[in-house]
């Protein structure tokens, strides 16, 4: 029998370091040519497996593969596509099996969040039943940091560093001008269900008076009166107020702040995000001149300011996934395990896919200050090591020199796939 | 007579490198202790001169002053405050004279844009008449890059680098996901009257298909139909479309796009900036899923990704201002002069304050492609050297370690200033 091939796919929202995991996968597989044939990557994630669009990574030079380590976003394409339950859409799983069989794929490495780990788990189970057993290994990835079991998720540390650096810099800007100009600055960050990213921005404040002064978490229902009191007190005391707000900020009844502003003149829901909404609310209530920023994709693609810890861990997760597969493990995901002790040390652990599938981990309540607007020392101790170290990409003509892949597709062997 | 003191003030919107100019001023002045007494900095810019809030920079250590070179925003505070004409508010100028006289200030170095150079020019003239001649030297600063005479303005190169890096990174993000998710990404950048910043973002696109695909300049009236056609063609061809829009984008009649969206349910003018407006317009017309970002202050304070060329020039301008003052020059501003030739070389030139006061320099038409949505090779040749080189600040615990000043005020000698 020909050597078994490996299929790697990126899933869901991309990050500054998901390609570092890809780099770990490909480089490690290339070191085990006796056991692993080719590494195929799904074009646009799992969709590429369904459509039989498999990228042959062996066509990429060692230098290009190495450059993936410093290249943000999904080099092979990713997608938001969740396979339905086996009962609802068995044909889709069957198609995966068919493609894997046709290309002698015996290893499936799925780089994503909780949904993806669920899918990988199901593929593993089904493949056993079908008599074409596929080794399924998850690789953790999410900027939201909401996967269980693992201490943190690759992708998070770099967003965390970006938002903390950004609010420190913008905070200095506002502080310089507040006497005669902008008094309130609101920065919106990602995190619809969990406030990890917003919380990490709190690292920027090291001394009394430093930005950010207020953080709004999705874990705490928004209390407008308390918020306004705090903004006012902050401007009185420090001359300005820098606010970090999670996109998932919501009222007690679960309604997002961003959705609360009604519709515009055309009857469309208000365009802005939560940052402009909140800034305007402050203007109405307190009269302060404001500015706001919405970093959106800038935050999760900011490879230029990636955390070295994050890059290292992303690579290690990719490498560990291949090592796990070669060691005969199945339906597991490597995790990051924080070792006890004062100085930060971590090691690679292991979780079953069943454990991590579809579970969301919110910020613990004791990471948030009692008033709900800041982070505790416990949170700082958790966040701080994750943003440590700089891992700058190479630059050319003043711009980061990111990998450009050939992304050559493997010749198809099956009929065209039609979604059932 | 005691040695003459020097007064330095920062004016208008701050930048990632205005403190590098301050560093150039203070370090150079400290090398000329025979000629220059103390360097006082205006607390919150020129307002500090009116209120007699003078920061004694001699209280800062050499290490702290050196750290200004890598610290963004205005370390002494800046302000948006334009002195009125001499006729309208002679008392204000008189007060400046009084404060300068009381503190034996014979040198006035004003670090700002066109307005500030106008003020410095007037102070120079008035001081001659008053018989207390003050040497007034301008130091160029503006992220907008709209000062005349000088080839470019300190502050601009770093914003330019930030926006080009950001749209390259976010572009890769969107490209990874466009098959099943976001198809259009709109990034709003600064520049109300001139499109230099928006134009510089165009450097990110080096090959056909690279982001950004469309740039909207304040120099070109917005043509909705042409824009929609271009967005549609771009999505068809490349799968996605990345747009950079200047905050000053406007219709033929001069109305800003950002103001065109009407009011929300409360009757307030729409909250969002031009990015959400444009993204929503595309959704309405073409149905594409979108994301948008507004970098706002993040872009002009992003010292972590400053251009080394910019930092060097900002420092050089500060140094040159002191050198000019010591050489007996007056009512002038150092400029950046681009030397002819293929490789980028520059030198320090000189402009009279009268020449630069209150003149705005828009992007030349031949920097913009014929269709109005991109930059020409001529623009690339101009922009490219300005973003070259990285000049990372030192980091501590994963975050940039920016200067913290003591900002000790000099004892006041005059009655409290009351604005007339």
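Glycine too: its Cβ is placed from the backbone N, Cα and C atoms.
What TrEMBL says about a protein is an automatic prediction, not a curated fact.
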>> Can you find which of A:92, A:247, A:350, A:355 TrEMBL lists as binding substrate at the same site as A:142, A:143, A:144, A:190, A:191, A:192, A:297, A:298, A:299, A:300?
In response: A:247
>> Applying an 8 Å Cβ threshold (strictly under) against chain B, tell me which of the recorded positions A:13, A:141, A:142, A:144, A:298, A:300 fall inside, in sequence order.
In response: A:13, A:298, A:300
> About how far apart, in whole Å, are the alpha carbons (Cα) of residue A:191 (substrate binding site) and residue A:141 (site 'Important for catalytic activity')?
Replying inline: 14
>> Please identify, among the binding-site residues A:13, A:247, A:298, A:300, the one with the smallest Cα-Cα distance to residue A:141 (site 'Important for catalytic activity').
In response: A:13
> Far apart in sequence but close in space: which same-chain residues, 6 or more away, have a Cβ under 8 Å from residue A:144 (substrate binding site)?
Replying inline: A:113, A:153, A:156, A:190, A:191, A:192, A:193, A:194, A:196, A:197
>> In whole Å, how far does the CA atom of residue A:247 (substrate binding site) lie from that of residue A:13 (diphosphate binding site)?
In response: 15
>> Sequence gap of 6 or more, Cβ distance under 8 Å: name the residues on the same chain that satisfy this around residue A:300 (substrate binding site), in order along the sequence.
In response: A:13, A:14, A:15, A:16, A:143, A:155, A:158, A:159, A:190
> Per-residue pLDDT averaged over the domain 'Phosphofructokinase' (A:8-324) comes to what?
Replying inline: 94
> Among the recorded positions A:141, A:142, A:191, A:247, A:298, whose Cβ has the fewest other Cβ atoms within 10 Å?
Replying inline: A:247
